[in-house]
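Everything on this sheet refers to the single structure shown next.
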Amino acid sequence: MGNTRSLLKMVMVVLFLGWIFVWIMISTNLYKSKWTPELAKYLNTTYFGPQGINLVLLTVPMMFIAVLSCVYLHVQKKPTQTQREWKVKGKMGRVMMVMNPLGIVTFTELTFSLLFVALLFWALYNYLYISYHIKLHNHDNAKIWQAKLRAFGLRIGYVGHYCWAFLFFPVTRASTILPLIGLTSESSIKYHIWLGHISNFCFLLHTVVFLIYWAMVNKLMETFAWNPTYVPNLAGAIAIVIGIAMWVTSLPFFRRKKFEIFFYTHQLYGLYIIFYVMHVGDSWFCMILPNIFLFFIDRYLRFLQSTKRSRLVSARILPSDNLELTFSKTPGLHYNPTSILFLHVPSISKLQWHPFTITSSSNLEKDTLSIVIRRQGSWSQKLYTHISSSIDSLEVSTEGPYGPNSFDISRHDSLILVGGGSGMTPFISVIRELIFQSQNQSTKLPDVLLVCAFKHYHDLALLDLIFPSDISVSDISRLNIRIEAYVTRENEKPEITDDRRLLQTKWFKPHPLDSHISPVLGPNNFLWLGVVILSSFIMFLLLIAIVTRYYVFPVDHKKGKTYNFSYRALWDMFLGCVCIFISSSIVFLWRKKQNREGDKESKKQVQSVEFQTPTSSPGSWFRSHERELESVPYQSIVQATSVHFGSKPNLKKILFEAEGSEDVGVMVCGPRKMRHEVARICSSGLAKNLHFEAISFNW
């Protein structure tokens, strides 16, 4: 098995390096004048036309990597892979700088970012060199400087196209390529944002330059031209209008303060892609096809998963305005700590999906999955109101879970978890995973220090979720955990009224359509995803070859005839979507049929769940001093916790006090200021034993 993984890895590395080499060379005069004519003889056949070169050199390698990555993730031995992955992070994952607007940048991110920027400048230099010194196109008999201005506008658009070759990889939630380099979709969102900024800037500059040029040569109406045999300018104009709308509404103000505007505007991405591809044509579309093709496979599979109604078992309403929702899941559904689940409640919004942190451990809690939701936005406020009302059933759909493919938390001598407010919720799953690992007596467990800051005393109720309610003393006897809780806006323990100190638990009645949360393609999900990718892409190649050879080619070779430029691109997009739909649907339905017996048994279990009446109980932090804590989890949490009023944690002092340990893992999740402060401390070099990792769910 180890040899198989090594061989797969070597093949993927070779393919990727070859793919990158083509991107480096494609802008050079050598590639354009020497290599392209030779390659065209063999690759631009009657079956693929002018898109043959880019299809073979830039599409096929990355699609092959995607298929091999599915096999690689399926056969990997998780403990071995985990240790290797973290070893790489230890060498290259060091924080290099912390600055706005980039945020926390590691050595690896800085290196690859600089290489990518160098690639963009290299491409721009080569394109301009060809235009300015070898062949300057001047179809409008403009002045030389005007023709050079037009060439600059054209070439800067080419540079923006480079960004589109990578733009959709970070937002492919079930990506099999990101885990190869230790990334998740959630942690990669910032790369999508960076690429979006660069590409939209290039496209805006491309548009402005052409508008200026057309105004100078008295051809401003070219903006609205739709040439049937060449680039349709109007398609580009429509694309840039949509792109600017998406760009502006994706700025931090809209993402964080006006989320609905950002969300709904971003749903225009389909139209953006259509008009953009019609503008650049089928040959250039093949340069960026892999990441778009994989994104739409992921998007359609997510749609299939979301059509099922998930079984919501119970909800706990905490005094801190937080909700814990518990769902039923199949025992075979595995996820790692810090994973997230996307939630959709049709009674609140027909379109909106929101990600929430999973607090349960799939190893410790085989049949249930829990998430925590903080009441802070309009959507979560409505959900809180729904749950708090007298309803006994709620229709909920889910997508995911999504998270790291491997997660080894026992490799450190000690672990410092720093959370701000609801930012501590990812660490609940980390601690619960440690509880599971503690059941193996041979496993060495790290000492855990949880540092959490809350605004108000009643927010301490979140700590009650750290241990499962059915945990026993023996289950946590080997876990050495210490909690330092800081209440920043209160100087002493406040008077707590009865209505604010009750922790309410609500149970929901099962519905006939309820089903357990399960992998979208069932067991062996990665392997079947590889089948979907491979079969849909082969089907796409076959259909493109048939359409080109027997429909497009005859038109092109009629005297005085040329097949419509935009129609070529539309054929590619249409056939790609058809192949994804057919392949994904067949595999999904086939896997559903295979698991039908298990589904029937699961349905029976769902229906047989006994409905319980709502209950209320005081949380650990809202009981009278004289009243004994009867629950083992409550006892353990209170005994392990020191509460500090009226102050913020001195993070520098806390982290440097851990200098005695050889290997200290530091994880932080919370407000940006807190994440940046911890990152600066860990990257200062004053304590070389600190290994930093940030968890951010704020796009």
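Residue numbering: from 1, along the chain as shown.
Cβ atoms are placed via backbone N, Cα and C, with glycine included.
TrEMBL does not curate its annotations; it predicts them automatically.
Pulled from TrEMBL, these are the features on record:
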type	residues	note
COMPBIAS	605-619	compositional bias 'Polar residues'
DOMAIN	305-408	domain 'FAD-binding FR-type'
REGION	600-622	region 'Disordered'
TRANSMEM	7-31	transmembrane segment
TRANSMEM	51-75	transmembrane segment
TRANSMEM	96-125	transmembrane segment
TRANSMEM	159-181	transmembrane segment
TRANSMEM	193-214	transmembrane segment
TRANSMEM	234-254	transmembrane segment
TRANSMEM	261-278	transmembrane segment
TRANSMEM	284-301	transmembrane segment
TRANSMEM	526-553	transmembrane segment
TRANSMEM	573-590	transmembrane segment
Among the recorded stretches 51-75, 96-125, 159-181, 261-278, 573-590, which has the greatest number of Cβ pairs closer than 8 Å to the transmembrane segment (284-301)? 159-181
Contact ranking winner - 51-75, 96-125, 193-214, 526-553, 573-590 against the transmembrane segment (261-278), Cβ under 8 Å: 573-590
Please report, as numbers and ranges, the same-chain residues at least 6 past the borders of the transmembrane segment (526-553) whose CB is under 8 Å from any CB of it. 46-49, 55, 63, 66-67, 70-71, 73-74, 174, 176, 293-294, 297, 301, 563, 568, 571-572, 575-576, 578-580, 582-584, 587, 591
Secondary structure of the domain 'FAD-binding FR-type' (305-408) by DSSP, residue by residue, totals 13 helix, 39 strand, 52 coil
Considering only the recorded stretches 96-125, 159-181, 193-214, 234-254, state which has the highest number of Cβ pairs under 8 Å to the transmembrane segment (51-75). 159-181
Cβ-Cβ under 8 Å with the transmembrane segment (159-181): same-chain residues at least 6 beyond its ends: 12, 23, 58, 65-66, 69-70, 72-73, 119-120, 123-124, 127, 188-192, 195-196, 198-203, 206, 276, 280, 284, 287-288, 290-292, 294-295, 298, 301-302, 399-400, 402, 404-406, 520, 526, 529-530
Other same-chain positions with a Cβ less than 8 Å from the transmembrane segment (96-125) and lying at least 6 residues past its termini are 23-24, 26-27, 155-156, 158-159, 162-163, 190, 194, 198, 672, 675-676, 679-680, 683, 694, 696
